[in-house]
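Participant: When I checked TrEMBL for this same protein, it listed these features:
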ACT_SITE  Y239  active site, proton donor
BINDING   52-57, 78-79, 115-116, 143-144, K248, 277-279  NAD(+) binding site
BINDING   Y229  substrate binding site
DOMAIN    2-84  domain 'Trans-2-enoyl-CoA reductase-like NAD(P)H binding'
DOMAIN    86-321  domain 'Trans-2-enoyl-CoA reductase catalytic'
DOMAIN    328-390  domain 'Enoyl reductase FAD binding'
SITE      E79  site 'Plays an important role in discriminating NADH against NADPH'
Amino acid sequence: MVIKPKVRGFICTNAHPVGCAQSVKNQIDYVKKHDGVGVTGAKGPKNVLVIGSSTGYGLASRITAAFGYGANTLGVCFEKTPSERKTGTAGWYNTAAFHEQAKQADMYAYTINGDAFSDEIKTQVIDQIKADMGSVDLVIYSLASPRRTDPDSGEVFKSTLKPVGQAYTTKTYDTDKDKVHEISLEPANEEEIAHTVKVMGGEDWERWLTQLSDAGVLSENCQTTAYTYIGKELTWPIYGQATIGKAKEDLDRAAAAIIEYAKTKSVKANVSSLKALVTQASSAIPVMPLYISLIYKVMKEEGTHEGCIEQIAGLFSECLYGDTPTQDDMARFRMDGKETNDATQAKIKALWDQVTQENFHSLSDYKGYNTEFLNLFGFEIQGVDYEADVEPLVEWV
Ligand code: NAD
């Protein structure tokens, strides 16, 4: 079939297998030539578990571990399989392409497709580690999900993207309609905050590490990290100090709990703060598409623009396996400095104050935003023939 993007609101409901494969290959190529990663003898992971391995920051983490350091990788994701009439999700095709490349490079790669919040999947992962790796020395936690079924009670919790304390009126960019407009968001109530913490807080990360520790599959000095976004004043009302920010604060609690629980193995747990960029998760957050199209403009002009793979390659070489990681007073690894420094934020704020529907195309990098959005689903990737007939049924090797 010939596959063209079907965009509905902030999501694209189909994906292009050849485009996804090319995008994975581009990230592999970046990692292979990046200074400091993959250099013979460079310190790095050997056996890695990536929870949320199929798209965005988790996929970049898996690619960096495997192709930057030669690590064996076990991935967990939640993706839809293709059928003859319907494409699979981008994460399905990314994983297929990753497996293919790993196989060609004679590298171990295995992926479990299922609900990472469930104890069934945790048990499957533990069995797989025992069978194939013995133990893991790095666990990346990169889930982004709007809901979570509590494995103890069976209750389904849903996250909410709302301000905390007071209503917030601001500008946003509607990617589907290409429109900048005002939105007013009512503050979350206590239950909505608590439910968002249940979904996106540290409880599940801690549960993973507790079960991996109990099963004896964590190596001595194993490292684990969960990803967060901290941002600055422009995004605090809808992110940092909002429901999602409250959930992310809980990761700091979980990091301390993990260190204490797995202290006999000297496990290190740190939250990593990454920069804002276009992923399936961030496109769904009000305000973020507008903010991101403005930071892309400013950071591309500054020459500091980075995507998932650049951020994660840096996280590995500078923080996880570097001798002098940038850390804040909560021991979080900080990879977001090029975005959150005062000079860059002042430039973004100046654009933010001026931006309207009329001047949006000239003030922002909306083209860059839209192209990267389509790239997530394998569209508009250079070198791919989108008129060609492609086979949607792709298996994982
Ligand atoms: P993403 O949507 O690209 O990736 C989410 C991953 O989680 C996918 O692999 C998906 O399959 C998996 N997943 C979702 N629900 C699952 C489930 N129930 N079981 C198993 N797998 C499941 O998101 P992303 O933007 O890469 O976000 C990853 C992490 O990085 C999140 O914690 C996010 O808050 C954080 N982060 C994102 C940004 C950003 O701007 N995108 C910035 C900083 C930090």
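Heads up, the Cβ atoms here are built off N, Cα and C, so glycines get one too.
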Participant: For K248 (NAD(+) binding site), what is the secondary structure by DSSP, using just helix, strand and coil?
Facilitator: helix
Participant: With the Cβ atom as the reference point and anything under 6 Å counting, tell me which of the binding-site residues (G52, G56, F78, L143, Y229, K248) are near ligand 1.
Facilitator: G52, G56, F78, L143, Y229
Participant: Highest CB neighbour count within 10 A among the binding-site residues L143, V278?
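Facilitator: Neighbour-count leader: V278.
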Participant: I want to check the contact list for D115 (NAD(+) binding site): same chain, sequence separation of six or more, C-beta distance under 8 angstroms. What comes out?
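Facilitator: Result: F78, I121, T149.
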Participant: Among E79, Y229, Y239, these being the recorded positions, pick the one whose CA is nearest to that of G52 (NAD(+) binding site).
Facilitator: E79
Participant: Sort the residues of the domain 'Enoyl reductase FAD binding' (328-390) into helix, strand and coil with DSSP and give the three counts.
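Facilitator: Taking each residue of the domain 'Enoyl reductase FAD binding' (328-390) in turn, the totals are 31 helix, 2 strand, 30 coil.
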Participant: Compute the C-alpha separation of the residue listed as 'substrate binding site' from K248 (NAD(+) binding site), stating it in Å without decimals.
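Facilitator: The residue listed as 'substrate binding site' and K248 (NAD(+) binding site) have their Cα atoms 8 Å apart.
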Participant: Cα-Cα, whole number of Å: G56 (NAD(+) binding site) versus E79 (site 'Plays an important role in discriminating NADH against NADPH')?
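Facilitator: So the Cα of E79 (site 'Plays an important role in discriminating NADH against NADPH') lies 13 Å away from that of G56 (NAD(+) binding site).
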Participant: Please work out the helix, strand and coil residue numbers for the domain 'Trans-2-enoyl-CoA reductase-like NAD(P)H binding' (2-84) from the DSSP assignment.
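Facilitator: Looking at the domain 'Trans-2-enoyl-CoA reductase-like NAD(P)H binding' (2-84) with DSSP, the answer is 31 helix, 15 strand, 37 coil.
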Participant: In Å, rounded, how far does the Cα of Y239 (active site, proton donor) sit from the Cα of K248 (NAD(+) binding site)?
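Facilitator: So the Cα of K248 (NAD(+) binding site) lies 9 Å away from that of Y239 (active site, proton donor).
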Participant: What same-chain residues, at least 6 away in sequence, bring their CB to under 8 Å of the CB of K248 (NAD(+) binding site)?
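Facilitator: K248 (NAD(+) binding site) has long-range Cβ partners M200, G201, T228, Y229, I230, G240, V271.
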Participant: List every residue in the same chain as E79 (site 'Plays an important role in discriminating NADH against NADPH'), at least 6 positions away in sequence, whose Cβ is under 8 Å from its Cβ.
Facilitator: S54, G88, T89, G91, W92, T95, N113
Participant: Between 0 and 100, where does the mean pLDDT of the domain 'Trans-2-enoyl-CoA reductase-like NAD(P)H binding' (2-84) sit?
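Facilitator: Across the residues of the domain 'Trans-2-enoyl-CoA reductase-like NAD(P)H binding' (2-84) the model's pLDDT averages 93 on the 0 to 100 scale.
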Participant: Let me know how many other Cβ atoms fall within 10 Å of the Cβ of S54 (NAD(+) binding site).
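Facilitator: Excluding its own Cβ, S54 (NAD(+) binding site) sees 26 Cβ atoms within 10 Å.
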